[in-house]
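Have a look at the structure below, then the notes.
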């Protein structure tokens, strides 16, 4: 298909060319670049880890509902919407500073400044007692996620040119390992080291009030660290000048958005998009609701974070182990295997949530036996291994099919599709739990406890609101059935996509010379 439009002073043409990526990666000469990418993704993971810890802190507060949790999940939407400004990040830069450094330096300085700002208000945002200000909390962390989403666009694009072409598969390893390290620091430290119960039990010899550090102190340290790392990269890391390459093309902002539209029209991308937008439905209840249900059942937030901490070791090491499989020509095959196993693993979570109250309570008193922790760790560990296997495999596939000249835009498009699928599935899963849950007053079956007034009326009469139908189990069954249908539909489709010629994923923007009398047009050819 060919179209043309007037723009600029040169004739431009999109043509598809054949591009190949070596299947034999060699990190000689790229080790320093791998370390820098790990560091940048760790910075990104730090803020994301803090954001993922907030729902656990809120749920342990006992003053928030699943509707509040659904509202807070909106803070991750900048990751979904970052495609709107990714072409701008790709197109606008100062050549002397570098295409990626032009954005990375100011964005990370702002991120550091924002951590310092949050530090001043954290006690108001997350009070120890009383209901948190959900609306303000969402606004603050929405801005923070917007900044880190922009940093993600920059680093994803830089990874495709910082590493040698035959090593781009290792970008996914840097991404997942760095995010795991950063998330561990951001979530674990902010939850455990600030917890009085945890510190008195595991850290201190003499009980005391509060944790060994405050959230305010951690945020100040992280803000200063952000600025220090950014300064070192600005001074010592030189960015490769891709404009010297023979096939380099510099696009303005309008052309970058037009390029994005043309990428979206590629048949391979459209099919892949449908898969990414729907795959997370099969796991939405498991990933987003199950941890909160464990806390509701009586498992403490400190215990959950200790278990999550032990899993971060696997999160850091696992990408290194499976890198040899994901850097090869068929990462989607590994992704599909992990997807099927994860769908089956939903059954383990249904059983875990159902039996948890029976296993950890004796005569109404919570007393968690050791064997329960073993069961919990095994189930959660296998879940995390499957999550990271799927994540690394997808990122490796993204790196293989993305054009490095437009890497920020292309990688962001693919990541956005995946994040959008996760965001709407998570929001729906959290929002539907209460709607699918039915209760009635133990002393008055006509009182369905559907509103706060009815719940208070039941309590005043000396009764309790007893759950008759648990919406969590309904969601788990429906999402698992959907996931099995998804697997049956997309299994062969995705396997065929990974065997396509790389040119099927590319829309190249090639300048063509014109004469003085030529009309100012550019032509787009999509195959």
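Cβ coordinates come from backbone N, Cα and C, glycine included.
Automatic prediction, not curation, is the source of TrEMBL annotations.
Predicted, not measured: the structure shown is a model, and the values here were computed from it.
Per TrEMBL, transmembrane segment is recorded for 34-58 (among others).
Residues or ranges marked as transmembrane segment by TrEMBL: 70-91 (among others).
Residues 40, 43, 47, 89, 93, 97, 140, 143-144, 147-148, 150-151, 153-155, 158, 215-217, 219-220, 222-227, 229-230, 233-234 of the same chain sit 6 or more residues outside the transmembrane segment (103-120) yet have a Cβ under 8 Å from a Cβ within it. Under the heading transmembrane segment, TrEMBL lists 103-120 (among others).
For 140-161 (among others), the entry in TrEMBL reads transmembrane segment.
Annotation comment: TrEMBL describes 168-189 (among others) as transmembrane segment.
Tertiary proximity for the transmembrane segment (218-236) is limited to same-chain residues at least six positions away from its ends with a CB under 8 Å from its CB atoms, namely 36, 39-40, 43, 46, 101, 104-105, 108-109, 111-116, 118-119, 122, 186, 189-190, 193-194. Annotated transmembrane segment per TrEMBL: 218-236 (among others), in sequence order.
The feature transmembrane segment is assigned by TrEMBL to 266-285 (among others).
According to TrEMBL, the feature transmembrane segment maps to 305-322 (among others).
Annotated transmembrane segment per TrEMBL: 334-356 (among others), in sequence order.
Per TrEMBL, transmembrane segment is recorded for 371-398 (among others).
Within the chain carrying the transmembrane segment (410-433), a Cβ under 8 angstroms from the stretch's Cβ atoms is held by residues 66-67, 69-70, 73-74, 76-77, 79-83, 86, 152-153, 156-157, 160, 260, 263-264, 269, 272-273, 276-281, 283-285, 287-289, 394, 398-399, 401-403, 471-472, 475, 479, all 6 or more beyond its ends. Taken from TrEMBL, the feature transmembrane segment covers 410-433 (among others).
As annotated by TrEMBL, transmembrane segment applies to 472-490 (among others).
Contact between the transmembrane segment (371-398) and the transmembrane segment (140-161) does not hold: fewer than three of their C-beta pairs are under 8 Å, each pair 6 or more apart in sequence.
When each of 34-58, 140-161, 266-285, 334-356, 472-490 is scored by its Cβ pairs under 8 Å to the transmembrane segment (168-189), the top-ranked stretch turns out to be 34-58. Ranked by number of Cβ pairs under 8 Å to the transmembrane segment (266-285), the listed stretches 34-58, 140-161, 334-356, 472-490 are led by 472-490.
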